[in-house]
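Here is the structure we will look at, set down as structure tokens.
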Amino acid sequence: MNLISIPAFQDNYIWVLSENNGRCIIVDPGEAAPVLAAIEENQWQPEAILLTHHHQDHVGGVKQLREKFPSIVVYGPAETQDKGVTQVLGDGDRLSILGHDFSIFSTPGHTLGHICYYSEPYLFCGDTMFSGGCGRLFEGTAEQMYQSFMKINALPEETLICCAHEYTLANMKFALSILPDDRDINDYYHKVNELRAKKQKTLPVTLKNERRINLFLRVNDIDLIDKINQETNLQHSVARFAWLRSKKDDF
């Protein structure tokens, strides 16, 4: 399959998996116009829409796409039932689209009903994990988001993280504010800064990369623990994760 990202709004990406014959899967279409333009340009035939959660910038284009393509199947978690979903999915479900198998797992935190879709090597993780960061806790808890991160971290290192926002540069600036002397973080920050200066995308990224530069996956690293302990003494991984999320909220 071919992976394409369609920019939307200020910093969203709408992901599309397409076959050489033009049939395709659309992930989190927050608005219809750029998707319809890409469909026309590439002569795609949409087969399915995958929704990760209920926020408008991820579901806003569903109604218009269903009107244009009445046979399209829309998958999503229970929290998206009023957003045009035709088949509700939950943790542990599996589906096959265009001959490709997808595993669905629950990743609460950003919202309570958030789900991710994994079809090797692609992970469509919505607003759970970003390159260098994690989603805001609008509905869930730090404990829930930490456990969601652990689910993602259990995937193969070559997994491609297809998140829904271009937040990488801001996330790396935050990471540098926490660990300014970390070589991996510095190297990646400079790489990302160069890409964004050229208006190039930083996504997708491998899980292997995230394990090196994403502080939310490194809450048990001694360097980060030492940094946190300069301000407070937190003994548990979840507490350190929550500390990081709070710091990022205020950054």
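Backbone N, Cα and C define each Cβ position, glycine as well.
From the candidate list Asp91, Asp93, Asp127, the residue Swiss-Prot records in the Zn(2+) 1 site shared with His53, His55, His110 is Asp127. For the Zn(2+) 2 site, Swiss-Prot lists Asp57, His58, Asp127; matching the candidates His165, His190 against that entry yields His165. There are 19 other Cβ atoms within 10 Å of the Cβ belonging to Asp57 (Zn(2+) 2 binding site). Between the alpha carbons (Cα) of Asp127 (Zn(2+) 1 binding site) and Asp57 (Zn(2+) 2 binding site) lies a span of roughly 11 Å.
Counting Cβ atoms from all protein chains shown, His55 (Zn(2+) 1 binding site) has 22 others lying within 10 Å of its own Cβ. According to its DSSP assignment, His165 (Zn(2+) 2 binding site) is in a strand. Cβ neighbour count for His110 (Zn(2+) 1 binding site): 25 (other Cβ atoms within 10 Å of its Cβ, all protein chains included). Same-chain residues at least 6 positions away in sequence with a Cβ under 8 Å from that of His53 (Zn(2+) 1 binding site) are, in sequence order, Pro77, Glu79, Thr80, His110, Thr111, Gly113, His114, Ile115, Gly126, Asp127.
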